[in-house]
Amino acid sequence: RVSEVSPTALRGALGTLHQLAIVTGILISQVLGLDFLLGNDEMWPLLLGLSGVAALLQFFLLLLCPESPRYLYIKLGKVEEAKKSLKRLRGNCDPMKEIAEMEKEKQEAASEKKVSIGQLFTSSKYRQAVIVALMVQISQQFSGINAIFYYSTNIFERAGVDQPVYATIGVGVVNTVFTVISVFLVEKAGRRSLFLAGLMGMLLSAVAMTVGLVLLSQFAWMSYVSMIAIFLFVIFFEVGPGPIPWFIVAELFSQGPRPAAIAIAGFCNWACNFIVGMCFQYIADLCGSYVFVIFAVLLLVFLLFAYLKVPETKGKSFEEIAAVFRRKKLPAKTMTELEELRGGEVA
């Protein structure tokens, strides 16, 4: 929904606010979970109940949210209501430019019916886009970031840190700060560039973390290597692989297939989150200090995939992004013929 209501120039920055809300919530939970606050035998029910307060706040805030202008214009055909919604979201501005963009998207949507989840996988029209959408979700969760978040205290203990709980909170602070920085970077550097840079940085950090844990018994100072690697791992995650998957899926699809694509991408993300949360401790017990080698290999695979398949969506309309995948499906010979035809028309 954020991608739908955001202006094209700010779509990435506003989409990153979703990740900022998540990491802020994680940091607040980490602080409130300290033993001398609410993380003790007497106060933990209150800590658990606070999640209900957040849900209640979200409910009342949703009542104040305007309807998506794209939904009003493209799906319901309510032009005046779409203009009012745009003015409410943008302030005093001429909505006609965005209305013209929606009209192009509406014409494209008129030629396609509502797409089911099954059709996303069976139709060649959407197959490449849905593979990219799922892979960015998988790369976010299987990068190893939640292994850091869920078990960072244990990792810091193994690295020889005296107060691992406070080091974990330090990770949460770094996580939040660099998410804020990502809000400003995503519209300048672009989604693809930040995603690739983040994956590369995480890969190098995972290797450094492994080296630090393996050699810790021989060199005491390797605890600092492991600790720095953990912080760098989190920083590079928030540069790209953290926030970008949450909003790029909406950018990859037009109005027709977008709801189904977002649904399957969200399911994929949380399913991978569950797998990591349930399995990491067993894998760590089995692999010991070499556990992050697994994530390093996965990060290399995700990096190669992103380099070859993930398009840049910065500054492009939804129709322009959809056209990228249509062009990719054309064989080289057809593309050459089209270019020659265009050249002949210009001449």
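Each residue, glycine too, has its Cβ placed from N, Cα and C.
Pulled from TrEMBL, these are the features on record:
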DOMAIN    1-314  domain 'Major facilitator superfamily (MFS) profile'
TRANSMEM  12-32  transmembrane segment
TRANSMEM  44-65  transmembrane segment
TRANSMEM  129-153  transmembrane segment
TRANSMEM  165-186  transmembrane segment
TRANSMEM  193-215  transmembrane segment
TRANSMEM  221-239  transmembrane segment
TRANSMEM  260-284  transmembrane segment
TRANSMEM  290-308  transmembrane segment
Cβ-Cβ under 8 Å with the transmembrane segment (193-215): same-chain residues at least 6 beyond its ends: 136, 139, 143-145, 158-159, 182, 185-186, 222-230, 232-233, 235-242, 244, 289-293, 295-296, 299-300, 302-303, 306-307, 310, 312
So what's the average pLDDT for the domain 'Major facilitator superfamily (MFS) profile' (1-314)? 84
